[in-house]
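Written below as structure tokens is the structure these notes are about.
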Amino acid sequence: MCDKFFDFAGKKVAIDVNKLTYTKAFLSERTQFQGDIPSLKPPIPGSEGCHGTEKVLRRGFVCADCGCCNRRLFWNRWFCENRGFTLDATMQPYPDHVLEEEAAKFDGLMSRRRRQNAVNRGSAVSDLVEEAESAGDTTDRSISDKQMTEDSEVDESDIDEDDSDMAGAGQSKKNTNGTLESTVRESPSEVALDNGEVDLLATRLNRKVIRLMQNLSFGRYTARQYFLPDIDGNIIGSLTLFTSNPQINAMANGPNDLYRQLELLDIGLRRNPAAIVGHKLEGLTRHFQQNFGARYKFGVSVQSKGFDEAPEVILRALHRLRWAGQSAVKATTQMLTGRDCGPNAPPTETKDFNELLALGFMEDDRINYHDDGEKELGPTVAALSLGSPSVMRFRPKIKSGLGEFVAKRSNGKFFMDVLEVPMKHGDMMVMHGPAIQQLYEYAVEPMGGRRFSLTCRHIDPEKMASDEDRQDAAVKGAIPEYSHSFAYNGDI
């Protein structure tokens, strides 16, 4: 008997619970419960009032036939791994007004992040930039603490305590597009900021590491290009962000159309084993996947279809990304011409993509830090973002040797991010340079209810392990002839 049983409103009765006797009436007392007794088996998830990608619908379910607890494996249905019972979970179109609300909140958050992380501290017009951003920041702040907690620490290595060190630290020159580009120092050991150029894209920028960047125009896109160095200051690769706009998005077969088609089309998206494969504690990816073209073999085994089986929406995205990849590589080569970048200099050319990995993200899905360093991969990776906005973060690997210039996280196991950039609906990203995969890793965190990412690579058949794999890549990676009418040049 618990002695709290005799504690009445804070007044404890002096009773020795070890010397109690019980009456039969007390021991026999039973009171029938008059309410409804809920079933231990939860009901099948309902989608009433939902669009299909909410967190509550992303969870698993209990099979109505056998009572087995199941994981959510497929994008558009629940599936019992015990009996094969299937329950459709057809997606409803994600409302335009919800996407607009997400974008507005995201823009406000990114402005605050830019100020918090002192991205433009010391720039010639930083006060004007902050004043303008603050004046326009009227959005809901509710997602700031909830969705950015993983990277909430301000990286002190990004902030130079002496603003005077920034004056004259670097020079700027105008490129062929009339925009400013910075010059880079010979070594990261020179820790003063390189110049006072304002960056209106990045929400974290460690200028002690990333000191070479430029603004560009490609067709109707504006773009920002960052160059990543090794420990000796040699440029090993570039990251190019193509920023879309409402005019591009609204074009026929543009990002708006691609997004709406992917919402309702079954392209085979599913979650795949990512940890302890085959074990009862097997873990799945935090996003849904389907590969097209040459098979992409990495830490997660993903089902793959040939491009001859790919729907039109996939092939149109492929041609957009081919254009973006070629444009970014050309700009990288032009920028680095005449510069000694050492043995890990990014290639001056790239091969056409023969693979596309489609990813679907529901609410709270993400991709943690990783690299694309598999030996079969070419030097260029390109991605198209559709739907809800997201943040892409880059940090050096511990083995990079950049610890002198980058602080570690509070757990001491990883470096802080040196670059954080937003990716919104219609934006494209191109990474170029194989050494990036050796020295850096990156993560993507969507901030909304529904996002698709279409990522292209070149899988080199000559580096595959078997003749069977090489033949499979040649067949599945072949682009259907009819799809060449989808070729894209940035102006349509």
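Placement of Cβ uses the backbone N, Cα and C atoms for every residue, glycine included.
What TrEMBL lists as 2-oxoglutarate binding site is HIS370. Counted within 10 Å of its Cβ, the other Cβ atoms near HIS370 (2-oxoglutarate binding site) come to 14, all protein chains included.
Taken from TrEMBL, the feature compositional bias 'Basic and acidic residues' covers 138-149.
Among the features that TrEMBL reports, compositional bias 'Acidic residues' is placed at 150-165.
Among the features that TrEMBL reports, compositional bias 'Polar residues' is placed at 172-182.
Marked as domain 'Alpha-ketoglutarate-dependent dioxygenase AlkB-like' by TrEMBL: 287-457.
What TrEMBL lists as region 'Disordered' is 116-191.
On the 0 to 100 pLDDT scale, the domain 'Alpha-ketoglutarate-dependent dioxygenase AlkB-like' (287-457) averages 94 in the predicted structure. Look at HIS370 (2-oxoglutarate binding site): DSSP puts it in a strand.
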